[in-house]
Amino acid sequence: MPLSPAAAGPARRPGLFNRIAATAAGAGIVAGLLLTGVQHLQLTSLIRTAETYEVAAQAASAAPQQHEHQHEDQHQHQHEHAVPGSEHEHGAAEHHHGGWEPAPGGERLFYTVLANVSMAVGYALLLAAALTLRGKPVTWRSGLLWGGAGYLVFFVAPSLGLPPELPGTEAAPVVARQGWWIATAGATACALALLAWGRHWGLKLAALALLVVPHLVGAPQPAVHGAVAPAALARDFIVAAAVANAAFWLALGALAGWFHARSSRAG
Amino acid sequence: MSPVTSHSVEAATPLALKDKLVPALGAAALGIVLLFGAGFAPMEALHNAAHDSRHSAGFPCH
C-alpha cells in the first residue's frame, strides 16, 4: 500500500530508474562495507607483506647501479658520493607508480572503503537492472543464485586466466589484461544466461563454446614470469581473495534480491 | 475511487519490456561507469586510491 495518495497513480510513482538505483545503493553499500571488513581481516596484511618484498627488491636492484656509479665517480668527484644514494631513496619513495597516493593508515582505509562501495554499487546496478529486465519475482534466496552467477562471471572466470595477484608480480601489459578480463566476463555472462534460459540445444552448445573460448585463447602472459613475494604468500592471497569475493557476491545477490522484492511490492 | 485498488491492479500487471529497457540499460551504464572508475581507470590517483580494492577483487592492476 502506498505511503501517500500521491504515490498511487502510475504516473506519479517513483521512476523505474530511481527504484533500480535505490535497490543498487542499498545492496551495494552494505555489501561493500562487508567486503571491506573481510578484506581487512584476510587480504590487507598479505598485500602489505608483499609490498615490503616489493620495496626490498627495488632497493636490491638499485644497489648495484649505485655501486657502479660510485666506481666511475671515484676518480673525479669523491665528494659526490651522496648523490647516488639520494637518487636511490627517491626511487624507493616512488615505488607506487608516482602521483598522489593515500597516506598509510586511516586515509588508505578510507579510500579503500570508497573504492569497495563504488565497485559494489556498480555491480549492484548491473544486478538490479538484470532482475528488472527478467521481471520475475525475486527473494533473498533466489538473489543468492544471482550472486553466485555474478561470482562466476566477475571473479572465477577471469581468475582462471588472471589469478588475483600480489603487488610486485610480473604481468603482461595492463591494457591487454583488462581487455581479456572484460571479454571473459562478458562471454561468461552470456553463456550463463543461455544455459539458464535458452531452450534450443543449439543455444546451449553456443553457451559451452562461450564458456571455453576465452580460456582456449588464453590470458595475456608476461614474457618472463616472476614475483618478488614467496609463492606461498601468492597462494594464500588467491585463496583469501576467492573466499572474500564469494562472501561479497553471495551477500550482494541476497541483498539485491531482498531490496528488489521490497521495491517491487512498494511500487 | 480507491487508490488501493488502482495500486494493486498496477502491481499485478507486469511492465512491458519496452518500458523497462531504457531505465534498466541506463542503470547498467551507470554501474559500468562506477566499475570503470574503481577498477579500470588508468589515472594514477584513481589507481592508487583504489589499489587494495583492485588487488582484492582480482582486477588487472599495475
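Note: Cβ is positioned from N, Cα and C throughout, glycine not excepted.
Marked as transmembrane segment by TrEMBL: A:20-38 (among others).
What TrEMBL records for A:57-99 is region 'Disordered'.
Summarising the annotation, TrEMBL assigns compositional bias 'Basic and acidic residues' to A:66-99.
Marked as transmembrane segment by TrEMBL: A:109-131 (among others).
According to TrEMBL, the feature transmembrane segment maps to A:143-160 (among others).
Under the heading transmembrane segment, TrEMBL lists A:180-198 (among others).
Positions annotated as transmembrane segment by TrEMBL: A:205-225 (among others). Away from its own ends, the transmembrane segment (A:205-225) comes close to residues 157, 160-162, 170-173, 176-177, 180, 183-184, 187-188, 190-192, 194-195, 198 of its chain (Cβ-Cβ under 8 Å, at least six residues beyond either end).
What TrEMBL lists as transmembrane segment is A:237-259 (among others).
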(Q) Let me check one thing: do the transmembrane segment (A:109-131) and the transmembrane segment (A:180-198) come into contact, meaning three or more Cβ pairs under 8 Å with sequence separation of at least 6? (A) no
